[in-house]
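Only one structure is covered here, and it is reproduced in the block below.
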């Protein structure tokens, strides 16, 4: 019997990406599947903290084993920014990927060091215990957007060892090499080991 796990996200892109990575290893439930329509605040100062806020909220309120992630783009020459604020980097209400990318590109104008990394932290609450998993992929920010697939900063991030952005590589390749894939694969290995 497959283990049921709630993935605490309302982000359809993330849900699709993680579902593709997990395959048939677990029965993945979304927040909609459990009738959770609460916007869980991400008020922590770290990716790990935000992931924990979401997973623990579901475990406390629904009694279901759950995992949640938070991802940040960390740019070396910007002191790790946008980091935990990646989804709302440009300010304003909601998540505006286009505005976030434009702000990032503007802040990097004239900078030679464009090294960056995507980092995903996953908090799993399983039978009252918390487990943390992390995935990191290094790369660089290019000067203009390229590609049509993916979401967020994918059109401006070129992972190390590649000459195309995540948005140009497409979901199949991205789902094998991304920061989220690395973290989710660690989660899968852990689930297989218990």
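Glycine is treated like the rest: Cβ placed from N, Cα and C.
Quick caveat, the model's predicted, so the values are computed rather than measured.
Straight from Swiss-Prot, the features:
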- 9, 10, 11, 12, 13, 14, 71, 151, 152, 153, 154, 174, 179, 180: substrate binding site (BINDING)
- 70: Mg(2+) binding site (BINDING)
- 70: active site, proton acceptor (ACT_SITE)
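Counting other Cβ atoms within 10 Å of each Cβ, the binding-site residues 13, 179 show the lowest value at 13.
Between the C-alpha atoms of residue 11 (substrate binding site) and the residue listed as 'Mg(2+) binding site', the distance comes to 11 Å. Here the CA atom of residue 70 (Mg(2+) binding site) lies 11 Å from the CA atom of residue 179 (substrate binding site). Taking the Cα atom of each, residue 13 (substrate binding site) and residue 70 (Mg(2+) binding site) are about 13 angstrom apart. Secondary structure at residue 154 (substrate binding site), as computed by DSSP, is helix. Within its own chain, residue 152 (substrate binding site) has 13, 73, 86, 87, 97, 100 as residues 6 or more apart in sequence whose C-beta sits under 8 angstroms from its own.
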